[in-house]
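Student: Grabbed the feature section from Swiss-Prot, which reads as follows:
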BINDING   Lys11, Leu12, Ser13, Gly14, Gly54, Arg58, Thr161, Tyr167, Asp170  ATP binding site
BINDING   Gly53, Asp73, Ser134, Gly135, Asn136, Pro137, Phe138, Phe139, Thr140, Thr141  UMP binding site
REGION    19-24  region 'Involved in allosteric activation by GTP'
Amino acid sequence: MGTNYRRVLLKLSGEALMGNMGYGIDPEVVKEIAQEIAEVIATGVQIAIVVGGGNIFRGVKAASAGMDRATADYIGMIATVMNAMTLQDSLERIGVQTRVQTAIAMQELAEPYIRRRAIRHLEKGRVVIFGAGSGNPFFTTDTTAALRAAEIDAEVIFKATKVDGVYDADPEIYPNAKRYNSLTYAHVLAQDLRVMDSTAIALCKENNIPILVFDLTTRGNIRRAVLGESIGTLVGGSCEIS
């Protein structure tokens, strides 16, 4: 079966890994995500992943409570490495070769982030998981996803969330909210639709990297996205509401 993409970057929030738990990592959820990734790898598509850390620690929240912002962000980076290693373990248990690369040196645990090495791993069919964000405080993991996607020449960013796309209003508050099928980068920025932070959107716009926002909790959606099926909201095209 043909796929729409050769190389994709999957952005997973930390919250996606905790399932219905209020904190931490749900092993069953991680196992399901790993299985979906394995199915996509089997089609020949190359996958890189950026993971967040909000299920363990949120730097912005800690900073608002009085912690030094840079320190809080560094702790958040460590949380992303915990998530990356957990996902790596689940993938390797089902036979998917995986490498974790971190933007902060943790040589006993993971490779350092080296762009050429990451690309070589992808070409060999390995999943590459990027941990520790960009290695710099004050930048989100969404911005890291946009940055890494540009660096490795990914054709698209899959932003896997708990909602089935981008809406013109919060669907939990406004039941008549409309879901966008597609959006321009400019509309996202002008309407502050919070698909990703503005730095990430600007990076994607500058490098012509589309962003597909879809519901991770629907089994098979990662594969559907790779196959080009109509799911979620595509940022980078025209503005079209459903």
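Our numbering is plain: 1 for the first residue shown, then up by one each step along the chain.
Cβ atoms here come from the backbone N, Cα and C positions, even for glycine.
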Student: Do you know the DSSP helix, strand and coil residue counts for the region 'Involved in allosteric activation by GTP' (19-24)?
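Tutor: Tallied per class, the region 'Involved in allosteric activation by GTP' (19-24) gives 0 helix, 0 strand, 6 coil.
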Student: For Thr161 (ATP binding site), just count the other CB atoms lying within 10 A of its CB, please.
Tutor: 19
Student: Given the UMP site residues Gly53, Asp73, Ser134, Gly135, Asn136, Pro137, Phe138, Phe139, Thr140, Thr141, which other residues of that chain have a Cβ within 8 Å of the mean position of their Cβ atoms, reported in sequence order?
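Tutor: Other same-chain residues with Cβ inside the cutoff are Gly59, Gly76, Met77, Gly133, Thr143, Thr144.
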Student: Please average pLDDT over the region 'Involved in allosteric activation by GTP' (19-24) for the predicted structure.
Tutor: 89
Student: Is it possible to get the count of other C-beta atoms within 10 angstroms of the C-beta of Ser134 (UMP binding site)?
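Tutor: For Ser134 (UMP binding site), the count of other Cβ atoms within 10 Å is 21.
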Student: Return only the integer: C-alpha distance in Å from Asp170 (ATP binding site) to Ser134 (UMP binding site).
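Tutor: Rounded to the nearest whole number, the Cα-Cα distance is 30 Å.
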Student: Write down the Cα-Cα distance for Thr161 (ATP binding site) and Thr140 (UMP binding site), rounded and given in Å.
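Tutor: That separation, Cα to Cα, works out to 16 Å.
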Student: Using Cα coordinates, what distance in whole Å links Ser134 (UMP binding site) and Gly54 (ATP binding site)?
Tutor: 15
Student: For the ATP binding site, please report the maximum Cα-Cα distance among Lys11, Leu12, Ser13, Gly14, Gly54, Arg58, Thr161, Tyr167, Asp170 in Å.
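Tutor: Farthest Cα pair among residues binding ATP: 25 Å.
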Student: May I ask which of the binding-site residues Lys11, Ser13, Gly54, Thr161 is closest to Phe138 (UMP binding site) if we compare their C-alpha atoms?
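Tutor: Closest candidate to Phe138 (UMP binding site), judged by Cα separation, is Gly54.
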Student: Count the other Cβ atoms sitting within 10 Å of the Cβ of Ser13 (ATP binding site), across every protein chain shown.
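Tutor: Excluding its own Cβ, Ser13 (ATP binding site) sees 21 Cβ atoms within 10 Å.
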Student: In the structure shown, which of the binding-site residues Gly54, Asp170 has the fewest other Cβ atoms within 10 Å?
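Tutor: Each of the binding-site residues Gly54, Asp170 was scored; lowest Cβ tally within 10 Å is Asp170.
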Student: When the number of other CB atoms within 10 A of each residue's CB is tallied over all shown chains, which of the binding-site residues Asn136, Thr140 has the maximum?
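Tutor: When each Cβ's neighbours within 10 Å are tallied, Thr140 leads.
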Student: Quick check for the class: what is the C-alpha distance, in angstrom and rounded, between Gly53 (UMP binding site) and Ser13 (ATP binding site)?
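Tutor: One finds 7 Å between the Cα atoms of these residues.
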